[in-house]
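Per Swiss-Prot, the features are as follows:
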| type | residues | note |
| --- | --- | --- |
| ACT_SITE | GLU143 | active site, nucleophile |
| BINDING | GLU134, GLU143, GLU147 | Mg(2+) binding site |
| DOMAIN | 91-239 | domain 'Nudix hydrolase' |
| MOTIF | 128-149 | motif 'Nudix box' |
Amino acid sequence: MQLKTSIGLITCRMNTQSNQIETILVQKRYSLAFSEFIHCHYSINSNHSHLIKMFNNMTINERLLIKTLDFDRMWYHIWIETPVYELYHKKYQKFKKNWLIPDNGKKLISLINQAKGSGTLLWEIPKGKPKENESDLACAIREFEEETGIAREDYQILPEFKKSMSYFEGKTEYKHIYFLAVLCKSLEEPNMNLSLQYETRIAEISKISWQNMEAVRFISKRQSLNLEPIIGPAFNFIKNYLRYKH
């Protein structure tokens, strides 16, 4: 069993017009299933149920992209212009060995054609993988700024709150650890700009948005990742914090 850990920061504000607590969510440009397939995080055996499930969780456009058998296009759908040549070569050789050499992709296309429905692009809390010797909190702060453009001085960390969630996909366990922050008063206005101007953010995500609890529940019902068990307690913590603060 492989463990993959990501660290995130739930950053909240009180919307001064609606008088509701909101948090920032980001939407990835690609599904987790698509990323796992392109990076060859799967096994080839007689039972292809895990692969079919993986294809089920991809968007229709992602499945169509794989059916082209053009690994360059698949790779750069995730990485865009990022120069990761060594990793690319390693994954391409595995893709070629698994699917192109045996039958020129016929088996792969057949498996994709068995997929039913389609996945959605996830809305999630800004998060990412820690660098070597990087603390959990430092990772959460760095990833949050990379994905939203909001600097450390623009919010206050609430150290009493720390939550985690785990789920399994095939032979991989995904563990997410979350810290909590509240936005500075000067940035609470509803029209606060969230931009995608930095290349690091463009490469990973397609949308950034403030969402209240009703929206979080709606989003969670439409995707495989349920955000409510994490964001719900965070909002309750913020309510108590604001109550005692005032």
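Yeah, the Cβs are placed from backbone N, Cα and C, and that goes for glycine too.
Shown on the structure are the features that Swiss-Prot records.
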{"residue": "GLU134", "record": "Mg(2+) binding site", "CB count, 10 Å": "14"}
{"residue": "GLU143", "record": "active site, nucleophile", "CB count, 10 Å": "22"}
{"residue": "GLU147", "record": "Mg(2+) binding site", "CB count, 10 Å": "25"}
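Secondary structure of the domain 'Nudix hydrolase' (91-239), assigned with DSSP and counted as helix (H, G, I), strand (E, B) and coil, comes to 67 helix, 38 strand, 44 coil. Here the domain 'Nudix hydrolase' (91-239) returns a mean pLDDT of 87 for the predicted model.
Here the CA atom of the residue listed as 'active site, nucleophile' lies 12 Å from the CA atom of GLU134 (Mg(2+) binding site).
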